[in-house]
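Taking it in order: structure first as structure tokens, then the write-up.
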Amino acid sequence: MKVAVLGAGAWGTALAAHLAARHDTLLWARDAALVAELAARRENVRYLDGVALPPALRYEADLTAALSHAQADDALCVIAAPVAGLRALCRAMRDAGRVPAHFVWVCKGFEADTRLLPHQMVAEELPDHASYGVLSGPSFAREVAQGLPVALTVASASAACRGRTLAAFHHGAMRIYTGDDVVGVEVGGAVKNVLAIATGIADGLGLGLNARAALVTRGLAEMSRLGVALGGRAETFTGLTGLGDLILTATGDLSRNRTVGLQLAAGRSLDDILAALGHVAEGVRCARAVLSIARERGVDMPITEAVCAVLFDGVAPRDAVSGLLRRDAKAE
């Protein structure tokens, strides 16, 4: 199978490395210097240092050429850009007349200005296309690139897209599950990043494992309430893309969003944290959108409110936690 991966960050590189073990895989980056470095060193020093990339993986800086590689009905395109870049890539595909027959995206979050989920952006930009979906689940790029076991879910209204994605990814140490609850999968992927900041704050303050368990459990309830309000199915949030992704992101030391919380608890400013991180922390990007949508829909999300208060309103992390503890008692 021919596969094009658009985006050579850590996640795009890791997925391309996995795909190249079985398929004719092309990894695209708009930065020609990065493409040249990848081809020469067989390592993504910038985003995934220390991981050797397979000799079969090829690299491309020309978007039209990369899209042409994945045009056939038996091919697949994987969009590995962050949420902020998804709409632009869809427009570029449309304008080039090179929309792949089947494609999936792997970004998580809401678009900042419109508060739209990824599938809504795609539908706006490519209204005549149908075979697309989201690939998501509990996964750190470095572990995938190292060939360690991982389980992901592809969600799409298109059986053809689900089948093509399954055929591309389901091999080696990667297990793929399929479904059609695109909204549920996307909401889980967005909200868990915000909740991971909360658990990072709690851990950074030394509040203990009991507090972490409470935050994960009550955070899952917040995620489920919002997801169902937006049209997702409740059972999706107890699966890989809900509870699974939340556990990993909230507790794993490779989690960028958890790292943000830990550093906030240590007294560092958000600007300094993000500058030192050097990578996207989607929980920071979409926290406002999550809270705004929740308020609009009448969904109670106190943990998300506390995270936003720390991120954007200057509330001290310990004061935000105290506010949560002072909430009135209620039935679970």
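Placement of Cβ uses the backbone N, Cα and C atoms for every residue, glycine included.
The active site, proton acceptor feature in Swiss-Prot is assigned to Lys192. For Trp11, Arg30, Lys108, Ala141, Arg256, Val280, Glu282, the entry in Swiss-Prot reads NADPH binding site, with the evidence type sequence analysis. Feature annotation from Swiss-Prot assigns sn-glycerol 3-phosphate binding site to Lys108, Gly137, Ser139, Lys192, Asp245, Ser255, Arg256, Asn257.
Under 8 Å, Cβ to Cβ, and six or more positions away along its own chain, Ser255 (sn-glycerol 3-phosphate binding site) finds Phe140, Ala196, Gly200, Leu248, Thr249. Least packed by the Cβ count within 10 Å, out of the recorded positions Arg30, Lys108, Lys192, Arg256, is Arg30. Using CA atoms as reference points, the recorded positions Trp11, Arg30, Lys192, Arg256, Glu282 were checked against Ser139 (sn-glycerol 3-phosphate binding site), and the closest is Trp11. Binding of sn-glycerol 3-phosphate is attributed in the record to Lys108, Gly137, Ser139, Lys192, Asp245, Ser255, Arg256, Asn257, and the widest Cα separation among these residues amounts to 16 Å.
Local packing around the binding-site residues Ser139, Asn257 was summarised as the count of other Cβ atoms within 10 Å of each Cβ; on this measure the leading residue is Asn257. Secondary structure from DSSP puts Trp11 (NADPH binding site) in a helix. Closest to Trp11 (NADPH binding site) by Cα-Cα distance, out of the recorded positions Gly137, Lys192, Asn257, is Gly137.
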